[in-house]
């Protein structure tokens with residue numbers, strides 16, 4: 001039964017990833033005043049299936065100088081970790097209801113750095129290594145602010161269990177009292193998932209394609225799927241944290257519809273941002289984090305810690 005549950009989680013994720021690639025190409029196309037993919041199937045709807053078949057039947061080439069085991073393990077690990085991070089997400093019921101779901105998410109996102117590092121190192125190419133080192137520095141840096149923002153939000157929720165956030169936000173979305181945190185969280189998720197304008201790891205103009213430059217066919221597709229699964233997962237996480245949907249046990253469909261719309265709008269904003277903004281310079285990216293976001297998030301975290309202590313002495317207003 002548990003295996004069926006796992007499959008019921010994984011298959012929709014992979015389908016969502018496939019069609020997100022199509023949506024992205026369509027959105028970017030229309031924003032650049034062109035059509036986007038429209039040949040394979042009606043309105044180009046079968047394009048992702050054609051892409052998947054093409055990628056998986058190609059011969060997976062490997063550079064002669066690469067480290068074989070690491071080179072093959074890195075994309076498998078990337079997709080595995082990307083799918084593992086979905087386990088504690090309440091939609092409205094998680095696959096496994098963990099007591100420390102948030103810590104699990106942070107641990108898994110930290111591990112995702114290793115797959116990028118391995119792929120860059122195992123490729124034995126200078127471009128791949130530079131891309132991987134950039135990706136690792138960027139991901140580790142932005143994880144610091146993500147963790148502090150999460151801590152501040154959880155102080156308002158009072159639990160490390162993600163399901164508690166649904167109950168916390170029955171009266172009011174947390175984006176209203178914590179909008180500076182939400183803004184910094186959203187920008188940090190962009191950097192964490194290596195999306196434009198923070199896509200320095202795969203800067204086509206300078207690094208060819210970044211850490212996955214030596215990958216082709218199936219292994220490349222695994223990296224691609226991992227990246228898009230992480231984008232959807234991060235947007236779902238944002239919707240859970242800041243745009244909590246109230247759950248009525250008698251009408252669970254309403255929760256699903258509401259929650260899906262919020263997640264899709266956030267994902268759409270990722271695509272819109274990609275179409276609108278130029279890429280950051282690497283030093284600007286780090287400056288934004290260490291000089292701007294980190295002091296701000298630390299100050300807000302101290303505020304969120306001290307606020308309950310300050311207000312605990314106020315008697316109830318009758």
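In case you wondered, yes, glycine gets a Cβ from its N, Cα and C as well.
Note that the coordinates shown come from a computational prediction; the quantities given were computed from them, not determined experimentally.
As written in Swiss-Prot, here are the features:
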- 2-22: transmembrane segment (TRANSMEM)
- 70-90: transmembrane segment (TRANSMEM)
- 100-120: transmembrane segment (TRANSMEM)
- 147-167: transmembrane segment (TRANSMEM)
- 172-192: transmembrane segment (TRANSMEM)
- 222-242: transmembrane segment (TRANSMEM)
- 253-273: transmembrane segment (TRANSMEM)
- 294-314: transmembrane segment (TRANSMEM)
Selection from 2-22, 70-90, 100-120, 147-167, 294-314, the stretch that has most Cβ pairs under 8 A to the transmembrane segment (222-242): 70-90
Long-range neighbours of the transmembrane segment (253-273), counting only residues six or more past its ends (CB under 8 A): 20, 23-24, 27-28, 31, 91-92, 186, 190, 193, 195-197, 231-232, 235-236, 238-239, 243, 245-247
Non-local residues, at least 6 beyond the ends, that sit with Cβ under 8 Å of the transmembrane segment (147-167): 88-90, 92-94, 97-103, 106, 174, 177-178, 181, 184-185, 188, 240-242, 244-247, 294, 297-298, 300-301, 304-305, 308
